[in-house]
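Visitor: After the structure tokens below, expect a handful of questions from me.
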């Protein structure tokens, strides 16, 4: 039963918010990956969280105080200094230590050369004011050298650079983001270390169910970015997922908010979700998804919204490369 899986996945979360909670194999206490044991189910995203430095810092601090134990950031977001200040403030106010939270960052495309990966990591750690990352992801499977206008596939070289920094004490796990099936297969074939995590766009309009299950079957955990669909201003004026009549109806029945329903759906699939907001009430509301329990028919109705998949984040045409080949929306 889907509802039982949700309960198993969330067991202990509301009772022990000061500890990291690992992703588990559905219905068991087994971590999804032996190399990936402590990533919390709900994280706080920081993409486009840059209205002002003060607001960014405050939002991250509020998130940690509210109970978030995963902070997701990236060099490309241009706000890691302010995010780092928010982490420091939040830890102090919540009475926590660095090891009590999970911090993810991402290597940008202009640092894919193997001799530049460490420089990218050094800059991120300096900006965040941290000694190590729990997870360092390759943001995209394409690179763009300094001064170059064209993007090109060079994920294997970049991954080998990530393998090198993994051998240090400054990175605990390495992973990928936005890869296609063929690219992931090729990466694993040519590497010594398998990705611990794959972060990708996932929401009811882009379910990618087979792709998610393939990762979990091979011990690669999945993190869903844009888990609330098309709310990110980068995606333009699109139909709001949270106003979808199916989502609204389920929210009323389960006494949850629409956002909590959508996030609970993502959690029930065994993925970590990383919603973002600059408003304290929404920050707290999103974390409340941990207590929103869906029934089997709820899950099926929400999943059906992705029968005609829609991807909102696809820079293929602008970058001159083909991304996401072989996936359901290609």
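Cβ atoms here come from the backbone N, Cα and C positions, even for glycine.
All annotation found in TrEMBL is predicted automatically rather than curated by experts.
Taken from TrEMBL, the feature active site, proton donor covers 77. As annotated by TrEMBL, substrate binding site applies to 139. According to TrEMBL, the feature domain 'NADP-dependent oxidoreductase' maps to 42-305. TrEMBL lists 1-16 with the feature signal peptide. The site 'Lowers pKa of active site Tyr' annotation in TrEMBL covers 106.
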Visitor: Let me know the model's mean pLDDT on the domain 'NADP-dependent oxidoreductase' (42-305).
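Guide: A mean pLDDT of 94 is what the predicted model shows over the domain 'NADP-dependent oxidoreductase' (42-305).
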Visitor: Do you know offhand how many angstrom separate the residue listed as 'substrate binding site' and residue 106 (site 'Lowers pKa of active site Tyr') by C-alpha?
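Guide: Cα of the residue listed as 'substrate binding site' to Cα of residue 106 (site 'Lowers pKa of active site Tyr') measures 5 Å after rounding.
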Visitor: Taking every protein chain in this structure into account, which of the recorded positions 106, 139 has the most other Cβ atoms within 10 Å of its Cβ?
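Guide: It comes out as 106.
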Visitor: Quick one: pull the CA-CA distance for residue 77 (active site, proton donor) versus residue 106 (site 'Lowers pKa of active site Tyr'), whole Å only.
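Guide: Between the Cα atoms of residue 77 (active site, proton donor) and residue 106 (site 'Lowers pKa of active site Tyr'), the distance comes to 10 Å.
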Visitor: Please report the number of other Cβ atoms within 10 Å of the Cβ of residue 77 (active site, proton donor).
Guide: 21
